[in-house]
Structures are given as C-alpha cells and as structure tokens.
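See structure below.
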Amino acid sequence: MAAPNSCKATENPACGLCCTKINNFAVNLADTVILQDVNLHIHCGELTAIIGPNGAGKSTLLKAILGEIPHQGELRFLDAANRSTSAPLVGYVPQHLDFDPGAPISVMDLFGASTSRWPVCWSHRQAQRLNCQTALKRVQASHLLDRRLGKLSGGELQRVLLALALTPIPDLLLLDEPVSGVDQRGMEIFYEMVSDLRHRYDLSIILVSHDLNLMARYADRIVYLNKTVICSGTPAEVFNNDQVIKEFGKIELCPLDVDHSGKGD
Amino acid sequence: MAAYYAWAQNLLPFQWAQYSFMLNALLAVFLVSPLFGILGTMVVNNKMAFFSDAIGHSALTGIAIGVLLGMRDPLAAMLAFSVLLAIGISLVKAHGKSSPDTVIGVFSSTAVALGIVILSRGGGFARYSNFLIGDLLSITVQEILMLLIVLIIVLLFWARFFNQLLLVSVNPSLAGSRGIKVLYIEIIFSVIMAIVVTISIQWVGILIINSLLILPAAAARNIAGNMRQYHVIAVLIAIISGLTGLILSYYWGTATGATIVLCASLFYVLTLWGYAKFN
C-alpha cells in the first residue's frame, strides 16, 4: 500500500528524517473560529501530545488532519527519501466507538473489513487471519481475534484499535484521548506500548490527552492548544510556561526511571 | 408438539401447492426473505430501524403523487419519491444539528400527512388500503423477475461494499481514516434500502414491511458471534418464517405478510431466550 520507505522498513531507532508539517491550519464552523494559525512540525519517532482546555479545538485539529472537517492551510509529509506528499497514510484511534455492544462484530470482522475488500460477512481468508494475528501480536492481544467487540474491556478495545491503526504501519498516528474509560494501570500499560511502538516503527504520533501527568512522562513534545498554538516544546519547557501553569497548575515532572521503582514490572 | 404434528400431516398432501398463485408466492418468499434478511443486518447495525420505517410510510406520498399524475401503476412515482426522501434524510442527517430521530420523524410525518391528504380528497382513501396490508398472493411472474434482479443487485452491492458499510457503522471517523467516503456509502445504502422497501410494499404492506426487515436481523444478533453467523442466521430465520407464514396464511385465510412477521417475531422470542441462556 504505502510506498516503500527505507525509514520504516528497518524498524530502527528514529531516523529523524521524515516529518510532518502542519502549516497555517484554520477551521471555521458557521462563522465561529475553532482553530487559527496552527503551525506544527512533527518529527518521526516522536510522541507529540496536544493539551488544552475543553473546547480548545484539540479533537477538531485531529479531524481536520484526517480530512473529515474542511480546513484551510496545508499538511505536508516528508518521508526519509525527502519525497513530499499531502496525503500521508494516517492511522487513527478514535476516542470511543459509537457501536452497539450487542452487534455481532468480532475483532477479526473489524480487521477484515478495514484491510481487505473480501466481504467479511461471507468468510475470512486464511491469509487475512494470519495478518490480523500478526497485527494483534504487536499489542499483545492475539488471543482476542475471535472475540466480539462488545465483550472486550475498555483497555482491550483500545489495544485492538491501536493494532488496527498500525495496519498497515502509518506515516502518522493520531490518538484521540485513547484511554477514556481505562483504569490508571491500564493507561500506563497503553502508553508504554505506544512509546515502545514509536521507536520500533519510527512513528510520528499526535496524541490528544487530558492526563497531564502521564503526558509529562511519555511525550517527547507537548503542544498547548487553545484555538491556536499557545506554546510548544519539551514537557519541561511547556509545563514551566506561565500560561500553562495558570491553566492547569504546576505539573510534577517525574522521570521514567524514578517512577519505575514502585511499579515492579 | 401435537399442534406441530397436525400441521405437518396437513402439509404432506400439499393441497396448497395445487394453486399457481401459491407457487408464485413461494418463489417470491425465496427471493424476498434473503433480501430482507441481508439488508436487515445493516439496518439494525446502523440503528436505522426508524429510517426504514419512514421510507415505508413515505410510500403513501409516492402513491398520491402517482395518482395526481394520472399513473395507473404508481410504482415509478413511489420509487422516485422514496429515493429522494432517502437522499434528503441522509444529507440533513450528515449536515444538520438535530438528532437523526428528530430529522427522520419530521420528514416521515410530513410525507405521510401529505399522502393521506391527497389520497383522501373526496373520501376515497379506502381504495388504497390494499397498500397498507399488502397481498403477496397477487404477485405476478414479471414481478418475481424484478425481485430476482433486485436481489442480484443487492448481493453485488454487498460483495463490493459490505466491508466499508460495516466500518462506517462501527465508527465514521475510523472509516474516514481508512479512505472510505462515509456520506457516499450511507447514501447508496439508504437508496438501495428505499428501492427494496418500496418495491416490496405492494406485497407486504406499509404497516408491517419494517418488521420484516428488522426482525430476522434482530433475532440473529442475539445468538451470532460474528458477521458471517449474523448473515447466515438472519437469512435462515427470514426464509423459514417466510415459508411457515405463507403456508399458515393459506390455511388460516389470513394476510400473508402479517403471518410471516408473526413467525419472525416468534424466532425473536426464541433467540432472546437462547441469549439469556448462553450469555
């Protein structure tokens, strides 16, 4: 599907050569300015977290990147060979699925429907099942293959959706508040997994989150968004910014290794 | 069980099979049941039960328009109107701010009222009451052929678009991120649904056509674990209810469509019991 990409094929630590540029994004809905002058530069192998108050336009920005909401400005993706495209392969993990838990959709159905044209109501081909299994293994969820979506726990569903967003490995991965309804431990496991996958597949990740403490730990860069980019930089830079402190209070920056002592995993 | 044996013994001489209208209806059941069983799966998944109901009711307006235009067979007018309504509702739903239920309710009640006002002018509404109940036994060979063509079109659509339809029903944004044109898929599906419902109304009737669409799928989802089982069970339930309803209606002298729906309801109750037992 995607053009062969030397950067991704090698599953090596960040090559840092590919990047995503968002230039002058603006979204207006019925005369109301939702977003304006949004400029972001996202490197591959980096997890960029978008934080901001409710109604700041965080989800809107993701939907604009997805092309679901009309926007001004442009999105450019530069791959390792310096080829530029305005339509990178985007993986998306939605905030929640609005599906009916009683619907007889198995995890395999969801994968088959997303990755092939062979109608899943007819059958699943063996090759498809193997692909799906491989994808689920990336998030330690291969035992969920034939489970009904409605029977998965919040955390299991998020891992399945993450596996789906990584099939095929995208240029850009968008996560919209991906752990709503998951307990604290589940969130940590999820972010550790995302963090690990980012290095392994050299992904550019944009993440919308409300959990600032977790973002302080796992994000490489933080963008404070409120209609436009108020400030951006490393967690240390952003969480020491006066405006951010005014909005959210002081966030403790705890390095990963300190925190691990208590977890014992 | 005694009633079942009595019924089976009654069936063996195949008295009903001597009439050509019954054999026609039998063929029609074998075409309509899988058609409704298959379409129903996605109507239920997309929570579109109210939508298909509205399309069924809008047939009244289609008939009224046909009558105003002086058509002898109002089918063309019914089809045109229901397709326009289906597209209209999809667009308003996609761009409007009200909840889909409200949008559909507004469209549907307006359409029904308009139809009744036109048709009841001069007190002649009784003439059209056969559309309310429908008559499967009146189906002609040409109409059976038309049903066959519709079934083939739906099967082709399913083969090509089912995966996209399923993803849209799970999450439109997720579907969009996979390059699926969500609105386009929704419109094609609702247009196909409008065509199938409208064509079938003369045989099944406005009052119960939606039940025939919803019941087999609603029953199947109680016991299915994936999409394949969902389809197989829905189609089986639709065919078995269709056959049973047809034969029962012959012996009882009742309206065929309604009898079929009653059989399907029975299946729903059974699967509900099965769901409670196995989950």
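Heads up, the Cβ atoms here are built off N, Cα and C, so glycines get one too.
Annotations in TrEMBL come from automatic prediction, not curation.
Since the structure is predicted, the reported quantities are computational estimates derived from the model, not experimental observations.
Database features, via TrEMBL:
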TRANSMEM  B:21-44  transmembrane segment
TRANSMEM  B:50-69  transmembrane segment
TRANSMEM  B:76-96  transmembrane segment
TRANSMEM  B:102-123  transmembrane segment
TRANSMEM  B:144-162  transmembrane segment
TRANSMEM  B:182-209  transmembrane segment
TRANSMEM  B:230-252  transmembrane segment
TRANSMEM  B:258-276  transmembrane segment
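Outside the transmembrane segment (B:76-96) by six or more residues, the chain places 51, 54-55, 58-59, 61-63, 65-66, 69, 103-104, 107, 111, 183, 186-187, 190-191, 193-195, 197-199, 201 with a CB less than 8 A from a CB of the stretch. Between the transmembrane segment (B:230-252) and the stretches B:21-44, B:50-69, B:144-162, B:182-209, B:258-276, the greatest number of Cβ pairs separated by less than 8 Å involves B:21-44. Counted as Cβ pairs under 8 Å, contacts with the transmembrane segment (B:21-44) are highest for B:144-162 among B:50-69, B:102-123, B:144-162, B:182-209, B:258-276.
Below 8 angstroms of C-beta separation, residues 43, 75-82, 85-86, 89, 100-101, 104-105, 107-108, 111-112, 114-119, 128, 131, 190, 193-194, 197-198, 201, 206, 209-210, 213-214 of the same chain, each at least six residues beyond the ends of the transmembrane segment (B:50-69), sit close to that stretch.
Through the fold, the transmembrane segment (B:258-276) approaches residues 29, 133, 205, 208, 211-212, 215-216, 218-220, 222-223, 237-238, 240-242, 244-246, 248-249, 252 of its own chain, all at least 6 residues removed from its boundaries and within a Cβ separation under 8 Å.
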